[in-house]
Each structure stands twice: as C-alpha cells, then as structure tokens.
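A.B. asks: According to Swiss-Prot, the feature N-acetylalanine maps to Ala2, an assignment based on a large-scale study or a structure entry. The ATP binding site feature in Swiss-Prot is assigned to Arg16, Ala17, Gly18, Lys19, Ser20, Thr21, Arg97, Lys182, Arg192. Summarising the annotation, Swiss-Prot assigns region 'LID' to 133-157. The annotation N6-acetyllysine is assigned in Swiss-Prot to Lys169 on the grounds of a large-scale study or a structure entry.
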Amino acid sequence: MAARRGALIVLEGVDRAGKSTQSRKLVEALCAAGHRAELLRFPERSTEIGKLLSSYLQKKSDVEDHSVHLLFSANRWEQVPLIKEKLSQGVTLVVDRYAFSGVAFTGAKENFSLDWCKQPDVGLPKPDLVLFLQLQLADAAKRGAFGHERYENGAFQERALRCFHQLMKDTTLNWKMVDASKSIEAVHEDIRVLSEDAIRTATEKPLGELWK
C-alpha cells in the first residue's frame, strides 16, 4: 500500500513577522507528535542559482528585474523533484516562503503586473495550506530594524504587503491568516492546529498544481 502523502504547508508574511521561527517550531512540534516533517526555505541558497540570488540579495551584484524574477522561480522549480518525492513518501514539508513571496516582491517593483509575475510559477506543487503571518509593518519594525539585504525596507515591504493581499483573494488556495502580533507560543499554537488539520485533509486528495 502506498504511503499517505505528506502535506505542503507554506508560511508567508512580511519581514520580521516570525516566519523562520514559526517554521522551525512547527517542524519540531509535528515531529514530536509523530509526523514526519521537514523544513524547506526559499530562496534555497546552496544551489548554483541560489548562490546568484544570495549575491543579489546581499547587494553584491545587480541583475535586471525580469531576469532575477525568473531566477527566483527557477530556484523553486529545481526543488520540485525533491518536494514531490518527500510528499509521496509521507513527509510533510514546511516551507519558509514560496512562490507568493516571489510574486509579491517583484510585483512591488514598478511596471510589473501580478499576472506576469505569477506565470513562471504556474504548475508548481500547490500548497495544502498557506499561512500568512499578519503583522502591522509598524509592529514588525519594533521587533528590530529591517535587515540590510535588498527589499528589506519599510516602503518596499508596504508595497509587497499590498501584493500579498491581492494574492490572498484567490479562493482556489487555502489561505489562513494568523495574527502574528501575539506571543511566539500563541502564534505557534494557532499554526500547529491549522497544520494538523491540513495534514489530515491532504491524505484524501492528490497534490495539486499552483495557479492552474
């Protein structure tokens, strides 16, 4: 009998919303509860494409905006065989940023439509759950200054947030808003409950394709 597939769970949100912390805590909690769970993070900086992106994000190199958008998408596509293999083996994948960040951060630049931004990622594995960690940008800034990488400034984050809200109107995706202004443990508990439900539901349906 084939293993029940794992769930694909994505955490999204503005910088400083707590995605990385909550992603780690979720994997730990799921494993402690007897699930097989692993963490993925995008961009995946260890690949050749990922190294290019890391250099770009650290402002060590410049890449034309359309080109870098396609590189971010390629960085996701090169992980698709691994994603599909893990899910088919019954491993739940918790993903810190996915295509939605890619679309929102390019869409926040001038003269990019969300429709154009989405096209390279059409057909990626479709998440069973997309958790959006909702936090006012003023509250995010109180958690420490935004970092020094490209895109890490308040004005840009504001434009990206508007793009995220446009993406969340898509009813074909299982978006769940999480109040990230609460304590780390309270946010974790909200995420854990939603994720356990997604894992149960995922076993009953095949893996979908994003934006198709």
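In case you wondered, yes, glycine gets a Cβ from its N, Cα and C as well.
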A.B. asks: I'm trying to understand the geometry here, so how far is the Cα atom of Lys169 (N6-acetyllysine) from the Cα atom of Arg192 (ATP binding site), in Å to the nearest whole number?
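C.D. replies: Cα-Cα, rounded: 23 Å.
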A.B. asks: List the residues of the same chain that sit at least 6 positions away from Arg97 (ATP binding site) in sequence and have their Cβ under 8 Å from its Cβ, in sequence order, or write 'none'.
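C.D. replies: Looking at Cβ-Cβ distances below 8 Å from Arg97 (ATP binding site), excluding near sequence neighbours, one finds Val10, Leu11, Glu12, Lys19, Arg41, Phe42, Pro43.
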A.B. asks: Which residue, out of the binding-site residues Ser20, Arg192, shows the minimum number of other Cβ atoms inside 10 Å of its Cβ in this structure?
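C.D. replies: Each of the binding-site residues Ser20, Arg192 was scored; lowest Cβ tally within 10 Å is Ser20.
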A.B. asks: Take the region 'LID' (133-157) and count its residues per DSSP category (helix H/G/I, strand E/B, coil), listing them in that order.
C.D. replies: 10 helix, 2 strand, 13 coil
A.B. asks: For the recorded positions Arg16, Lys169, which one has its C-beta crowded by the most other C-beta atoms within 10 angstroms?
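C.D. replies: Comparing the recorded positions Arg16, Lys169, the most crowded Cβ belongs to Arg16.
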A.B. asks: Taking the residues Arg16, Ala17, Gly18, Lys19, Ser20, Thr21, Arg97, Lys182, Arg192, which the record names as binding ATP, find the longest CA to CA distance and state it in Å to the nearest whole number.
C.D. replies: 20
